[in-house]
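Participant: Encoded as structure tokens, here's the structure I'll be asking about.
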Amino acid sequence: MIFAFMWATTQSFRWRPIRRSVYPENLIQVTRDCDFPKLDVFICTADPYKEPPMGVVNTALSVMAYNYPSDKISVYVSDDGGSELTLFAFMEAAKFATHWLPFCKKYKIEDRCPAAYFSSSHCSSTTHAEELKMMYETMKMKVESIIDRGCVGDEHIKTDKQREAFDRWADGFTRQNHPTVVQVLLETGKDKDITGVEMPNLVYVSRQKSKASHHHFKAGALNVLLRVSAAMTNAPLILTLDCDMYSNDPNTPRQMLCFMLDLKMSKYGFVQFPQRFHGINKNDIYGGENKRLFQINPIGMDGLAGTNYVGTGTFFRRRAFFGGPSSYVSAEKPELNPNHVVDKSIQSEAVLEMAQSVASCEYENGTRWGYKMGFRYGSLVEDYFTGYQLNCEGWDSVFYHPDRAAFWGDIPINLDDVLSQNKRWCVGLLEVAFSKYSPIIFGTKSRGILMGLAYSHFAFWGIWSIPVTIYAFIPQLTLLNGVSPFPKVRTLHDVSGSSVTYLNLGSSCMYSFSLDLTSKTA
């Protein structure tokens, strides 16, 4: 029954698959670079020891160096661990970025993640490149020495502004209980690179934490970034990234604009790029690549009403987080609405005060955040649930799989991490499957039978374990008890008296398989 149900749900992916192509060079016919919409980038991290700050820094630098107007990019780093080590790493990264960004644009570098570029075979051997590599290695050594030490010493604090920032890490400051920290590291219009070009905004955010308040994990952190960014820049487009998923193609935002600037696609709430991973063992013994989940099934969903949100590599319309295309949900403060225009410096007293306020742990009490607005609460897999809810509200989505990977990420490389990840996925998906928003009922009613089946395939993914476990133990049990796992050949008599011999299909298949295996071995 379970196998039959899961087979039925997979048919929805095969109904209308779509493969898309874009031509970013034609954007010039629609708009100029200086008129591109602003882009806010959200990067989430939570533990400087499980997610080393240098990895997060490389992710941030790779998107800051996008082939996109620098003054239209704002990068927000959410540090849910509230670590001074991560803040120090980004202070160093801000200084390095003033050299790295002009280098990438001058030499048209494709790998704009420093770690990836300097370790690649096509790294330039010019004097300029060698100088930058030395600067990067110096920064890396300094950050890693701080991590080994566990704190930022006075000898590393050079300015009064830095001292003021690190003074917040006083006695009683823990990752579970600490005040809001919003630190502007770079500001467009004020900070420039070594060639005089404006730098992107770079903002460190650690939301207030209290043991008395539920923090809603990653969804809560993303909603804080949604509000803080609204108070500071309020860009109409948002990119969400995991801290280990760096940009591999500087033209990715331009590819996204081919969809977002198309007036015929005004109901498209987000554009999803596939998760792709580097450094995978050719055997991939833990199945971490999940190619069917991240690359194959989304092609089928794209032909229906849009793919699901997978948590990273996703460009959103900010408007999509405030109700459906025809049912706008207004925020409790006008400054947080997607149509609000920010006309003040991000370091002005009023803006910083607002940012501190909306990042407090009690701000969402009595509001619709997480339920009708923003990233959705109610499941451990906030990405799946959020994308599902947006689709049910009427937003469509796009899956675009370019030839050159838009992003490269890391996968769990040991059994403990794999089991932990899969447990979280299974529990979170089943929370949705058996809730009032079950895709088999609510999803079918909202978006039709095929989309309902597609989302049900993911929601009930965890129940695969039941028949798989049973089938895994049947051969051993039958062998121990001397019972054949397959029925014997039987002779059946039809009504006319003639006899026909039927060979069990399973035995026939196993016999054919054994012959094939023997021939290959020979």
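Glycine residues also receive a Cβ, built from the backbone N, Cα and C atoms like all the rest.
Annotations in TrEMBL come from automatic prediction, not curation.
If you look up TrEMBL, you'll see Asp80, Asp383 marked as active site. The UDP-alpha-D-glucose binding site annotation in TrEMBL covers Lys50, Glu51, Asp80. Summarising the annotation, TrEMBL assigns Mn(2+) binding site to Lys218, Asp242.
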Participant: I'm trying to understand the geometry here, so how far is the Cα atom of Asp80 (active site) from the Cα atom of Lys218 (Mn(2+) binding site), in Å to the nearest whole number?
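Facilitator: Rounded to a whole number, the Cα-Cα distance is 8 Å.
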Participant: Fewest other CB within 10 angstroms, which one of the binding-site residues Lys50, Lys218?
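Facilitator: Selected from the binding-site residues Lys50, Lys218 on minimum Cβ neighbours within 10 Å: Lys50.
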Participant: Could you tell me which three-state DSSP class Asp383 (active site) falls into?
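Facilitator: Reduced to three states, the DSSP call for Asp383 (active site) is helix.
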Participant: So if I draw a 10 Å sphere around the Cβ of Asp383 (active site), how many other Cβ atoms end up inside it?
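Facilitator: Taking every protein chain into account, the count is 22.
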Participant: Taking the Cβ of Asp80 (active site) as the centre, how many other Cβ atoms fall within a 10 Å radius?
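Facilitator: Step by step: centre on the Cβ of Asp80 (active site), count other Cβ atoms within 10 Å, giving 21.
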Participant: If we check Cα distances from Lys50 (UDP-alpha-D-glucose binding site), which of the recorded positions Lys218, Asp242, Asp383 wins as closest?
Facilitator: Asp242
Participant: Restricting to the chain of Asp242 (Mn(2+) binding site) and a gap of 6 or more, list residues whose Cβ falls under 8 Å of its Cβ, or answer none.
Facilitator: Ile43, Cys44, Thr59, Gly311, Thr312, Gly409
Participant: With every protein chain in view, how many other Cβ atoms are within 10 Å of the Cβ of Glu51 (UDP-alpha-D-glucose binding site)?
Facilitator: 21
Participant: According to DSSP, does Lys218 (Mn(2+) binding site) fall in a helix, a strand, or coil?
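Facilitator: Where Lys218 (Mn(2+) binding site) sits, the three-state DSSP reduction gives helix.
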Participant: Cα-Cα separation of Asp383 (active site) and Lys218 (Mn(2+) binding site), in Å?
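Facilitator: Cα-Cα, rounded: 9 Å.
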Participant: Beyond the listed site residues Lys50, Glu51, Asp80, identify every same-chain residue whose Cβ lies within 8 Å of the center of their Cβ atoms for the UDP-alpha-D-glucose site.
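Facilitator: Near the UDP-alpha-D-glucose site, the remaining chain residues are Thr45, Ala46, Asp47, Pro48, Tyr49, Gly81, Cys243.
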